[in-house]
Amino acid sequence: MMNNLFSIFDPSTSYNFSLNWFSLIIWIILAPFSFWSLPSLFLTSWKILLKKIFKEVSNNISSIKNKNLIFLISIFISILFSNFFGLFPFIFTPTSHLIFTMLLSFSFWFSLLIFSMMNKFNKIMSHLVPLGSPIYLSFFMVLIETVSNLIRPITLSVRLTANMISGHLLIHLLSSMMVEIDFFIFLLFLMILLLILETAVAFIQSFVFMMLISLYINEI
């Protein structure tokens, strides 16, 4: 039962050439087609959403670092599409694998760490002791701040992976119960509600991941 349950996260296929990881870059292929399509409700809503997110991120970081906006929006879009496509049947979800989210989080965190150590070493060191901390607590504050900085990529990756895995497991468990004809309508209603909830979770987790990265950039 457990093997069948977690087999939905298996990235392997019976084909010689696996396209499961193709869901990571499919949004890059689909995005240019929106330039040639007529304005629709979906495209209009998507543009309004991106403008609001762009404004939110702009308010979150300093004006000097606005050059990072495109980078942050790209992170949001890539994770959002990866989460969203994973809700469709027979499409692999990379963000449900800890190795992928860990690699993503560590690459961003390590890049920011190296950049800050090379360019703003004194500022980074000053952040380890919050302003107004008693001198006798300085050692413990440095230790606590160091640990909190080191676990950032772990919390980023685990948060995203755990939320995606839990939602997919609930959908899989509920769909396996739909063979019961007596409760089909009720289970179908629950499935629709759960899919709506998972769509919201996919958006929220993408937004949270992007905002946390922007906060880390703003500390530099």
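A Cβ is built for glycine as well, from the same backbone N, Cα and C atoms used for every other residue.
According to TrEMBL, the protein carries these features:
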TRANSMEM  20-49  transmembrane segment
TRANSMEM  69-92  transmembrane segment
TRANSMEM  98-117  transmembrane segment
TRANSMEM  124-144  transmembrane segment
TRANSMEM  150-171  transmembrane segment
TRANSMEM  183-216  transmembrane segment
Same chain, outside the transmembrane segment (150-171) by at least 6, Cβ under 8 Å from its Cβ: which residues?
-> 5, 8-9, 79, 83, 86-87, 93, 95-98, 101-102, 104-106, 108-110, 191, 194-195, 197-198, 201-202, 205, 208-209, 212-213, 216
Please figure out which one of 69-92, 98-117, 124-144 racks up the most CB pairs under 8 Å against the transmembrane segment (183-216).
-> 69-92
Against which stretches of its own chain does the transmembrane segment (98-117) lie, if we need a Cβ under 8 Å and a gap of at least six residues from its ends?
-> 75, 123-124, 152-154, 156-158, 160-161, 213, 216-217, 219-220
